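Asks: Sharing a structure here in structure tokens format.
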Amino acid sequence: MKMAIFQGGTWFARTFSTVASHPLRVCVVGSGPAGFYTAEKMLKAHQEAQVDIIDRLPTPFGLVRSGVAPDHPETKIVVNQFTRVAQHERCTFFGNVTLGSSVTLPELRELYDVVVLAYGAESDRVLGIPGEDLSGVYAAREFVWWYNGHPNCRYLNPDLKSSDTAVVLGQGNVALDVARILLRPTTELATTDIASHALAALEDSSIRKVYLVGRRGPAQAACTAKELREISGIKDLHVHIKEADLLTTPEDEEEMRNNRIRKRVYELIYKAATTRASHPCSDPRELHFVFFRKPDKFLESNERSGHVSGVRLEKTKLIGDRPGERMAAGTGQFEDLGCGIVLKSIGYKSVPVNGLPFDHQKGVVPNVRGRVLSDTSGDPMLLEKGLYVCGWLKRGPTGIIATNLYCAEETVASISEDLKQVILASSSRSGREGLLQL
């Protein structure tokens with residue numbers, strides 16, 4: 001596939017005499033929120049800067065485009081702001097450019113005065129338990145990409161017909177998004193921008209029960225009140241939670257006193273569990289919250305070799321004395337939960353590229369306020385001149401879209417400080433022209 005280039009309409013009509021003799025050449029790797037916020041801040045802070053954004057996909061906007069549920073259009077409004085950045089006369093977007101194969105990091109650093117890595121966390125964490133490679137076991141991200149028409153998952157064909165039950169491992173916002181898409185009436189989904197192939201598959205789906213499995217209790221649920229209200233508001237949806245799971249300990253109560261958001265989430269879970277649909281319907285759907293369970297192995301179907309037929313769960317208990325920091329530990333008690341599809345929503349991880357310092361334990365690039373560190377053992381720590389990070393690659397896969405705004409501000413502030421202190425300087429590097437030659 002050829003490189004896709006999107007450039008402000010007036011750029012080619014201008015001559016290079018309209019910019020400084022040695023413009024500041026900046027390359028941002030990754031066109032998600034972190035990348036576009038960085039580009040925007042750089043263009044505003046440095047009038048001599050030329051900013052190129054590269055991405056391995058042919059289309060920009062990353063998580064906003066492919067990771068936001070189709071029935072959350074208000075979250076995607078930020079695309080309008082990013083489009084204005086892409087159309088800026090000093091900014092260009094290059095799609096189908098993969099760092100590490102299309103161009104290497106050393107090559108980028110040779111071409112540009114400043115390189116900001118903002119390519120996020122493109123891989124998924126693994127459980128490392130038996131059966132994880134069975135057909136029917138997916139990363140939740142794959143499923144989200146599928147219903148958003150992501151190029152990498154456009155032709156994924158999740159099995160939604162062999163069983164009426166799906167299991168989602170995790171209880172964060174992504175897990176609730178997946179459950180909501182599976183359970184929401186397709187007549188409502190049809191009014192969103194969901195991909196047509198996904199809508200057709202959901203219209204033909206047999207899934208009527210979704211189990212959301214979490215290692216800890218309702219007082220530690222990782223979702224937001226907004227997501228809970230949205231899924232519990234689905235018409236004729238029956239929410240099931242075991243009464244024993246709703247019981248709280250003194251440690252739970254203290255944890256909720258210190259965290260207003262968690263208290264509100266618990267209250268909504270409790271309310272959903274004690275509220276029943278007022279009348280029967282012709283197409284009943286069920287959402288089951290399963291607490292204090294962790295996956296032990298995926299079970300293979302006897303009828304369909306190589307396909308998942310369920311999950312073996314181990315009962316857990318919370319250990320530790322510090323509220324908010326208690327961990328889930330297995331108790332040695334097991335139970336099987338049958339299903340036809342499993343979606344793992346257990347988090348993401350960033351991946352390194354050649355020539356990039358990387359903390360494999362934390363899954364981030366070692367940095368100080370966005371400045372990449374080549375050696376963290378010395379005093380002072382050694383910096384990689386001209387190399388910066390932003391977004392999940394910088395701080396880990398946490399936060400919402402707007403979190404990347406503040407993250408980008410910090411990284412750009414570090415770049416500006418380095419320019420003032422002459423640690424960085426614009427040069428005669430070829431930048432965009434050199435990239436096009438490559």
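Just so it is clear, glycine is given a Cβ too, placed from its N, Cα and C backbone atoms.
According to TrEMBL, the protein carries these features:
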BINDING   Ala34, Leu63, Leu99, Trp392, Gly399, Ile400, Ile401  FAD binding site
BINDING   Gln171, Gly172, Asn173, Val174, Arg215, Arg216, Glu227, Gly399  NADP(+) binding site
DOMAIN    25-202  domain 'FAD/NAD(P)-binding'
Asks: I'm trying to understand the geometry here, so how far is the Cα atom of Gly399 (FAD binding site) from the Cα atom of Gly172 (NADP(+) binding site), in Å to the nearest whole number?
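Replies: Computed Cα spacing between Gly399 (FAD binding site) and Gly172 (NADP(+) binding site) is 12 Å.
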Asks: Between Leu63 (FAD binding site) and Arg215 (NADP(+) binding site), how many Å separate their Cα atoms?
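Replies: It is 26 Å, counting Cα to Cα.
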Asks: Which entry in the list of binding-site residues, Gln171, Asn173, has its Cβ near the fewest other Cβ atoms, using 10 Å as the limit?
Replies: Asn173
Asks: Looking only at C-alpha atoms, tell me how far Gly172 (NADP(+) binding site) is from Ile401 (FAD binding site), rounded to the nearest Å.
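Replies: Here the two Cα atoms lie 15 Å apart.
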Asks: Would you mind listing, in sequence order, the residues at least six apart from Ala34 (FAD binding site) in the same chain with a Cβ closer than 8 Å to its Cβ?
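Replies: Within the chain, Ala34 (FAD binding site) has Cβ neighbours under 8 Å at Ala118, Gly120, Cys390, Gly391, Trp392, Leu393, Lys394, Asn404, Cys407, Ala408.
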Asks: When the Cα of Gln171 (NADP(+) binding site) is compared with the Cα of each of the binding-site residues Leu99, Ile400, Ile401, which one is closest?
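Replies: The answer is Ile400.
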Asks: Does anything in the same chain, at least 6 positions from Arg216 (NADP(+) binding site), have a Cβ under 8 Å from its Cβ, and if so what?
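Replies: Expected: Phe291, Phe292, Thr316, Leu318, Arg326, Ala328.
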Asks: Measuring CA to CA, name the entry from the binding-site residues Leu99, Ile400, Ile401 that ends up nearest Glu227 (NADP(+) binding site).
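Replies: The smallest Cα gap between Glu227 (NADP(+) binding site) and any of the binding-site residues is with Ile400.
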Asks: For the FAD site as recorded (Ala34, Leu63, Leu99, Trp392, Gly399, Ile400, Ile401), determine the largest distance between any two Cα atoms, in Å, rounded to the nearest integer.
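Replies: Maximum Cα-Cα distance: 25 Å.
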Asks: If you measure Arg215 (NADP(+) binding site) to Leu99 (FAD binding site) at Cα, how many Å is it?
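Replies: Arg215 (NADP(+) binding site) and Leu99 (FAD binding site) have their Cα atoms 36 Å apart.
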Asks: Max Cα distance spanning Gln171, Gly172, Asn173, Val174, Arg215, Arg216, Glu227, Gly399 (NADP(+) binders), Å?
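Replies: Max Cα-Cα spread across the NADP(+) binders: 21 Å.
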Asks: Least buried of the binding-site residues Leu63, Leu99, Val174, Ile400, Ile401, going by other Cβ atoms within 10 Å?
Replies: Ile400
Asks: Over the domain 'FAD/NAD(P)-binding' (25-202), what is the model's mean pLDDT?
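Replies: Reported value for the domain 'FAD/NAD(P)-binding' (25-202) is a mean pLDDT of 94.
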